[in-house]
Structure formats: structure tokens, C-alpha cells
Amino acid sequence: MKILNGAQLQLIDQLTIQRQGISSWELMERAALKAVEAMESDFGEGLQELPIVIICGKGNNGGDGLAIGRILGEQGYNVEVKLLHSENYSPDNLINQQKLGAKEMFTLDDDLKLPASGLLIDCLFGSGLHSELGISWVNIIRRINGFGGPVVSIDMPSGLLTDRLIDSGAPMVHADKVYTFQVPKLNLLLPAYGYAVGGFTVLDIGLDTQALDEAEGAYHYTVAEDVAGLLRPRSRFSHKGTFGHACLIGGSEGKMGAVVMSARASLRSGCGLLTAVVPQIGHPILQSTVPEAMLSVDSGKLQLEEFSNNGNFQAFGVGIGMGKGESTVRGFSKWMQDLKSQARIILDADALNILSEHADLLKFLPRQTILTPHPKELQRLIGEWSDDYEKIEMAKTFARAHGVILLIKGAHTAIIDEDGSCYFNSTGNPGMATGGSGDVLTGIICSLLAQGYVPLEAAKLGVFIHGLTADLAKEKFGEISMLPTDLIDFLPMAFEKLKPRSYLA
Ligand SMILES: NC(=O)C1=CN([C@@H]2O[C@H](COP(=O)(O)OP(=O)(O)OC[C@H]3O[C@@H](n4cnc5c(N)ncnc54)[C@H](OP(=O)(O)O)[C@@H]3O)[C@@H](O)[C@H]2O)[C@H](O)CC1
Ligand SMILES: [K+]
């Protein structure tokens with residue numbers, strides 16, 4: 001799914017109106033109906049009990065609010081609409097004012113009266129905001145943010161631009177939930193504005209698909225439909241050789257669990273064979289916990305030294321639980337220098353930290369190696385940034401300079417390809433913030449690489465599946481108690497969910 005900005009959406013609106021032979025008011029009505037449906041589904045019967053207050057501005061976002069107010073009122077909800085006084089309402093806003101009838105007018109100087117609790121729907125500004133809000137908006141935004149119940153924003157939290165940097169002190173609605181139309185907007189995905197976006201749902205309002213397909217942009221949001229098609233069916237005549245031999249290299253004293261989790265995640269993700277290269281201390285641990293894995297035991301006792309690399313492996317996953325002791329750094333450097341240029345590799349954890357401290361090794365990375373830093377590891381690799389926009393630009397420059405794929409872990413993990421495209425993930429939840437989640441991800445992606453998925457596909461599919469396991473685990477264990485090992489247990493269900501349905505049951 002593409003991520004688009006306000007100007008692009010305005011153009012696509014126009015094309016939709018022309019090609020579908022509808023009026024702009026009808027499109028607004030569609031959007032309002034979708035928003036009402038989404039609220040009914042999210043709030044359930046509770047919505048009937050709540051006083052609902054809708055705050056509307058002068059543009060089409062306000063027009064949506066007026067339409068939502070009318071629809072909710074017709075359905076018997078307890079709804080109150082407040083409209084900002086203006087000299088220049090948008091035409092569809094005016095039509096919806098007439099259709100609604102009763103509403104309360106207010107100005108920015110008024111001390112807006114709000115119910116003590118209930119639901120507040122914020123329709124002051126949407127994608128038409130052209131710059132951050134000035135001081136005159138502080139009062140109204142403060143009232144909204146101080147509301148005693150949930151605040152939902154239509155399309156955007158009012159005050160947040162779609163895809164440009166904005167001062168964090170600027171007046172901005174802090175939404176518990178955003179219902180955004182047709183496509184996500186970049187600022188809904190960036191950590192910098194996390195405080196204003198409790199969560200968001202994309203509502204399909206049926207904009208012209210050709211116009212959406214043709215819209216240009218480097219930013220994408222990976223949803224199930226984007227990755228389901230990547231998953232390859234298994235032929236009846238396939239055998240273990242068909243699905244590749246993955247090699248995981250890692251582990252050190254006290255950190256063998258990382259390799260165990262990575263190995264189990266690899267096997268559950270479908271590779272045909274798996275070898276783990278571990279220090280001697282890992283031998284009994286791996287053999288007893290992951291009997292399916294073959295072992296190549298290193299000469300190092302407590303940490304890796306030799307990095308023997310004799311097998312015919314289709315993919316390597318390196319760094320999990322590895323540590324960065326002197327002999328490990330030496331062995332890893334040598335291993336890097338001996339790599340074939342077409343090797344498929346994913347590097348994680350200490351492998352990344354070693355690269356940060358030995359930048360001379362970067363030149364040995366085969367093209368399209370996947371690096372999976374969390375924000376701190378990224379900072380060590382590419383340097384400090386001053387904001388999320390600079391971070392993305394610096395990451396793109398790094399990916400281009402070294403011909404690698406950067407996978408920046410976090411809420412909406414971002415995959416940055418060397419051509420500058422950027423893919424934000426849609427699955428996952430804060431329950432994944434436990435040590436070991438990353439080891440599971442490395443195992444999944446290494447397995448997909450071994451099966452012949454090209455690196456960008458393996459990264460997108462792996463990140464999506466990994467997040468999906470967490471969403472499934474959340475239903476059973478909740479965000480607080482879920483563990484990385486639970487993610488592995490939900491891999492079979494996640495793959496099944498994504499698999500294209502067969503016509504024959
Ligand atoms: N395809 C869709 O997604 C659809 C979206 N819809 C809804 O329409 C809005 C976008 O509506 P638009 O009228 O373009 O914009 P807004 O309602 O967000 O706001 C426009 C008014 O805001 C004023 N403005 C802009 N920036 C500022 C600012 N910094 N300070 C003060 N005022 C500002 C601007 O006034 P100007 O006179 O300054 O130009 C506009 O009047 C979208 O978000 C959806 O909610 C459709 O309903 C259906 C299709
Ligand atoms: K809004």
C-alpha cells in the first residue's frame with residue numbers, strides 16, 4: 001500500500017470524482033459512512049451510551065464531521081456538533097451544514113464547553129493543513145486534549161501535517177485513534193509523533209485504483225495483500241533440498257538462548273536444512289533443544305573464534321548472541337573477507353556493533369545484505385540524527401553507499417532499500433519489546449533467504465510475519481506477558497493465515 005500526502009490525495013479525489021461520475025459531496029458522504037462504521041465496530045454497543053461531541057473546522061475535514069454528526073444523529077446516537085465560525089467554508093462543508101440543521105457555533109476565543117466524558121471526534125483539520133498551527137489555536141487544542149474520554153481524529157490529528165517535519169511544541173490534537181482515509185500518511189508512522197497518534201486504521205473509501213497505482217512515492221505501508229502473494233506454494237515433489245540450507249552463526253557464554261530461538265524460528269519458517277555454528281559451550285544446549293539443527297562446533301570454547309564456513313549454505317544469519325570479544329572480532333573479520341559476492345546474508349546484534357567499530361569491514365558486505373539494527377545500533381552505524389526525517393535520509397544514504405538493505409526495528413519497522421524506497425510494517429505490538437524478539441526475526445529472514453526469496457522480499461515478508469505472530473500471541477497472552485518463544489509458537493498459524501486459500505479444502 002502506498003503512503004501519500006495531502007496534495008496527491010487531492011488530485012486522486014478529483015480523478016475519482018471524474019471517473020466514477022460522482023460529486024465531491026458523495027465522496028465525502030462515503031468517507032463519513034466508513035468512519036461511522038469503523039467507530040461502531042471499535043466501540044461496539046458502548047457507543048450508544050456515550051455523549052458524542054464533534055468539533056468541526058471550515059474545510060472538508062469539518063465537512064466530514066458535519067456528515068458524521070448527521071449520520072450518527074439519524075441512527076439515534078446522542079451527538080452534539082460544534083462548528084468553528086468562519087467566513088470561508090468549503091462548498092461541501094456548506095452543503096453539510098444545511099443538511100445537518102442544528103449545531104453550535106464557536107470561535108477560537110470562546111471557552112468551549114465540553115461534556116465531562118464520552119467520545120470526542122476531532123474534525124478541525126485533516127490533510128489540507130499547510131503549515132503548523134499558530135498560537136491562536138492553543139486554546140481549542142488544549143480543550144480537546146484535556147477531554148475526559150477518548151479522542152478520535154478523522155483523517156489526521158488536527159495540527160499534524162501529512163508528511164513534513166513539524167515542531168513538537170506546535171498545537172496538535174493527541175488522538176487515541178485516527179481513522180485515516182484510503183492510505184496512511186507518513187507522519188502517522190514516525191516515532192516522533194507517536195504521542196499524537198495512539199493508533200490508526202486505514203478506511204477504504206473507494207478512490208480510483210488506477211490513480212492510486214500511478215501515484216509516485218518512495219514510501220510504502222506493508223499490509224497482508226502486499227506480502228501474501230510473495231509466499232510460495234510448496235510443490236508435491238519438493239524435498240528438503242528444495243528449501244535451502246540456512247546457516248546461523250552466533251552464541252557465546254550466557255547467550256546461547258539467542259541461537260536456540262533463532263534456530264527454532266528458522267526451522268518453523270520452512271528452510272530445508274539448518275546448521276548452527278556455535279562455540280563449544282553451545283554444543284549440548286543446541287543438540288538437546290533443537291534436534292532438527294545440525295551443528296558445526298567452533299574451536300572457541302566460550303565464544304566464536306574460527307567461524308568455519310565449510311558447508312554449501314544458501315543463506316547466513318550472523319551476530320545473534322555472539323558478543324564482541326577480541327577473538328570473535330578477528331574471526332568475524334576474516335569470515336567477512338572470505339565471503340563470496342553473491343552470498344545471501346542477514347546481520348544482527350553484535351555483528352552490527354562490530355561493523356560500527358570497524359567501518360573498514362563494510363566494503364566486504366555482499367550486495368543486498370540485510371542489516372537489522374534497532375535505533376541505538378543504527379545510531380552507531382550511521383551517526384546521530386536530529387529528527388526522524390533526517391534519520392530516514394541518513395539511512396537511505398548509508399543503504400545506497402554500501403548497497404545494503406537496512407531494516408530499522410521498532411513500531412512500524414522500516415525497511416530501506418538501496419534505491420531509497422522505504423517500507424513501513426503494519427503488524428506487531430509493544431509486547432514484542434522483550435530481548436529475544438530480534439533473534440526470532442533474524443531466524444525467520446535467514447530461513448526465507450535460504451529458500452530463495454530475494455532479500456527485499458525476505459525482509460518484507462519476514463517482518464510482516466514476525467509482527468503477525470505477536471498479534472496472534474497478544475490474543476492469548478496479552479502484551480505484558482508474551483515472550484519471544486511465544487512468537488515462534490505462533491509462526492505456523494501466521495504462515496497459515498497468510499497462505500493463499502486453496503480452492504480445494
Ligand atoms: N480522499 C480523501 O481522503 C477525502 C478526504 N476528505 C476530507 O477532506 C479533508 C481535506 O479537506 P481540505 O478542505 O482540503 O482540508 P482541511 O479540512 O484539512 O483544512 C483546510 C482548511 O484549513 C485551513 N488551513 C490550512 N492550514 C492552516 C493553518 N496552518 N492554520 C490555519 N488554517 C489552516 C485552510 O484555509 P486557508 O484559507 O488557509 O487555505 C483550509 O480552509 C481530508 O482530511 C478528509 O477529512 C473528503 O471528505 C473525502 C475524500
Ligand atoms: K482531524
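Glycine is treated like the rest: Cβ placed from N, Cα and C.
Just so you know, TrEMBL annotations never went through curation; they're auto-generated.
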Among Ser23, Ser24, Ser158, Ser168, which residue shares the K(+) site with Asn61, Asp122 according to TrEMBL?
Ser158
AMP binding, same site as Lys409, Gly410, Ala411, His412, Thr413 - TrEMBL member from Gly383, Gly435, Gly436, Gly438
Gly438
In Å, how large is the greatest distance between any two Cα atoms among Lys409, Gly410, Ala411, His412, Thr413, Gly438, the listed binders of AMP?
14
Neighbouring binding-site residues, C-alpha within 10 angstroms of Gly438 (AMP binding site) - of Asn61, His130, Asp155, Ser158, His374:
His374
Enumerate same-chain residues with a sequence separation of six or more from Asn61 (K(+) binding site) and a Cβ-Cβ distance below 8 A; give 'none' if the list is empty.
Cys123, Leu124, Phe125, Gly126, Ser127, Gly128, Ile154, Asp155, Met156, Ser158
When you measure from each Cβ to the nearest atom of ligand 1, which of the binding-site residues Asn60, Asp155, His412 fall under 6 angstroms?
Asn60, Asp155
Ranking the binding-site residues Gly63, Gly410, Gly438 by other Cβ atoms within 10 Å, which is at the bottom?
Gly410
